[in-house]
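Here's the structure, in structure tokens; my notes come after.
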């Protein structure tokens with residue numbers, strides 16, 4: 001199958017777009033003038049992208065189209081003109097189109113977002129946009145491909161009291177007969193997916209700490225929560241200018257909180273849009289986690305102003321050049337601004353593990369994956385493009401050195417600014433900066449699916465390393481195991497890390513300086529898993545003092561992954577973490593708890609005595625450290641100590657420790673009775689979840705009331721998620737009903753499922769409910785949207801049996817899965833992996849728990 005692209009007989013140079021939304025009919029009227037370069041004068045038609053657009057007229061240099069042939073499936077319209085029309089044209093011509101469209105509620109194209117006015121209590125709407133990947137064609141007919149860059153001049157028309165925003169600053173604004181007409185200055189050359197415009201009742205705050213205006217817009221009543229974002233954005237823009245040695249080229253930066261938004265944010269050039277929760281911060285009521293999340297999202301989107309906007313991938317298979325870079329740069333800048341957050345340590349337990357988890361599935365895809373149409377393109381906005389892409393950049397930056405890496409990146413941006421680039425162009429720039437053959441080492445990592453597991457065999461003063469493709473199911477076939485990954489070994493011993501060693505073949509032997517202590521993948525910078533002998537695992541578990549935080553996180557994650565896939569026994573993982581009860585790093589503890597939670601969720605349908613024993617194991621692990629630290633947040637507690645306390649407290653509550661649960665209930669009762677200082681912001685999620693887990697209709701009503709009247713957008717989401725934790729049948733049905741009756745916004749459709757998925761009753765009822773309402777769910781949510789992807793993942797991947805796998809497969813075999821077939825395949829692979837793990841190690845885990853007396 002080949003790319004579904006437009007013919008190259010014309011090339012767009014400039015768009016003049018005028019749009020007027022109608023908030024009563026939920027439609028919009030538009031007119032369009034496109035300056036075209038004529039590449040072939042023998043044609044008599046122009047093909048253009050569109051979706052859900054009505055064409056009222058089309059003409060080129062005064063000659064009317066004689067017909068408009070629309071192909072909704074291909075999302076293309078052919079404008080047919082009289083024979084000879086183009087023969088009489090010069091090298092360029094102006095195409096004019098009058099059209100109208102739907103101001104939809106699908107969070108795509110030019111759409112409406114519903115909200116409640118905080119001042120008046122009225123239900124209102126804002127008209128906003130989400131063009132990436134292929135929805136600019138929903139807003140106006142266009143040549144909707146990333147390498148067909150052009151300039152854009154936008155005019156918006158509406159009632160006079162509404163605010164108009166677009167990528168550029170205002171050129172002129174007039175009021176005629178009660179309507180406002182705003183024309184914006186012409187953009188630089190850019191891709192259609194970055195065009196943005198908003199018509200809404202908005203207020204703003206700004207920062208003057210950058211050479212251009214930096215503003216944060218929100219609906220009335222929320223504007224005061226935008227100052228953190230405005231200040232951070234100004235600082236970040238200045239930092240990126242200095243880092244890349246390239247000025248931000250637009251005359252302003254607007255960031256807007258949008259009430260219904262399918263992703264987290266969108267990097268539209270000069271007009272970045274966000275979910276409310278990912279932009280606005282009530283500092284007094286926000287957790288440290290939320291503050292860090294907002295900072296990362298803002299810095300990710302602002303990095304895109306260079307990576308993606310200034311230099312754009314040539315086609316969507318190069319999406320990682322946008323998303324991988326923006327992800328890496330957000331962590332890089334966060335680390336520069338807030339070193340106490342220890343973000344590069346967190347990276348290993350966050351982004352790297354997210355990448356490995358998805359890439360361990362047979363249904364994963366390469367970083368550079370061939371995509372041909374809109375349905376395929378929308379499905380690659382996943383952990384491969386974002387997390388594996390950024391993990392690859394982290395690996396390269398460690399190999400080349402950060403300073404050299406940034407130098408090469410700056411060269412890449414300068415060479416291709418206002419244009420398009422391919423992955424090879426990046427390798428060339430990094431090679432020029434470093435003098436190393438970057439392409440030969442890195443090319444395979446982007447072109448091939450998966451990653452290796454490295455098996456270590458020890459000899460006298462030597463190790464033999466052998467690589468195979470890693471699959472979480474542990475059943476890699478010979479034909480799937482042909483890739484030889486160039487592995488940067490980063491061999492660590494007591495003298496440091498040797499970054500010169502590379503495994504370029506299936507198997508090779510290396511000298512050891514120190515047999516007593518060594519670790520492959522020092523500081524966990526590589527994208528692979530390491531499998532040691534049981535004896536080496538036992539040694540490493542007692543050598544924590546010789547290992548960095550990243551090393552310890554990596555060992556925990558690797559041990560769990562090797563257990564899940566059958567490379568080692570699950571007891572190996574349990575023994576490792578049992579030796580680390582005195583661990584001081586919150587990052588390592590978070591990985592321990594995450595990995596243990598993965599084990600528990602795989603065992604969720606096992607007998608109660610086994611689940612209780614796993615809870616006792618968890619409590620044995622965490623209670624001593626929790627007792628040593630205490631759970632109260634002190635005024636002098638660092639970011640790291642606060643995170644550690646809440647991680648341990650949460651594990652204790654989740655595993656049934658009655659003392660910690662009673663503390664959580666006390667805090668909640670005080671909070672619900674009006675003492676808003678009763679729960680530290682960082683503890684709010686665990687407190688709400690604990691109360692919900694303990695159940696009761698009275699508590700349900702209290703949490704539901706908090707959901708309807710939250711003190712912050714973060715609290716609203718915490719409450720909504722907690723509603724899913726109630727196991728009572730009637731309360732569970734009530735929560736599910738909110739997803740379809742308008743109580744829960746479509747953007748938050750999956751949030752209650754995050755709570756429902758953690759208990760057996762919820763898992764089974766959620767799947768039954770999804771089957772009952774699938775047609776409505778599929779109609780309500782866009783096929784390729786992150787929201788539907790979340791629903792599938794949360795609704796399906798908690799099953800752990802081959803029987804469930806067969807039933808789910810059979811159900812979807814009768815459904816149209818276009819637009820989410822890849823997500824579905826990944827969900828089924830996840831179930832298969834869990835089923836194999838639990839069937840293989842069921843008795844081994846039971847024996848371990850019995851022998852260590854956790855079954856008492």
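Numbers run from 1 along the shown chain.
Glycine residues also receive a Cβ, built from the backbone N, Cα and C atoms like all the rest.
Since we're looking at a predicted model, the values are computed, not measured.
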Among 122, 132, 402, 403 - the residue Swiss-Prot places in the same substrate site as 264, 265, 266, 267, 268 | 132
From candidates 284, 323, 340, Swiss-Prot puts in the same Zn(2+) site as 300, 304 the residue 323
Enter the number of other CB atoms within 10 angstroms of the CB of residue 264 (substrate binding site).
-> 16
May I have the list of same-chain residues other than 132, 264, 265, 266, 267, 268 whose Cβ is within 8 Å of the Cβ centroid of the recorded substrate site, in sequence order?
-> 130, 263, 272, 273, 274, 301, 304
Give the sequence-ordered set of same-chain residues, not counting 300, 304, 323, with Cβ within 8 Å of the centre of the Cβ atoms defining the Zn(2+) site.
-> 267, 301, 303, 307, 308, 322, 325, 326, 327, 329, 330, 386
Going by DSSP, is residue 300 (Zn(2+) binding site) part of a helix, a strand, or coil?
-> helix
Whole-number Å value for how far residue 323 (Zn(2+) binding site) lies from residue 268 (substrate binding site) (Cα to Cα) | 14
Intrachain C-beta neighbours of residue 267 (substrate binding site), sequence separation six or more, cut-off 8 angstroms = 194, 301, 302, 304, 305, 308, 309, 326
May I ask which residues of the same chain, at least 6 positions away in sequence, place their Cβ under 8 angstroms from the Cβ of residue 265 (substrate binding site)?
-> 272, 273, 274, 275, 278, 279, 297, 298, 300, 301
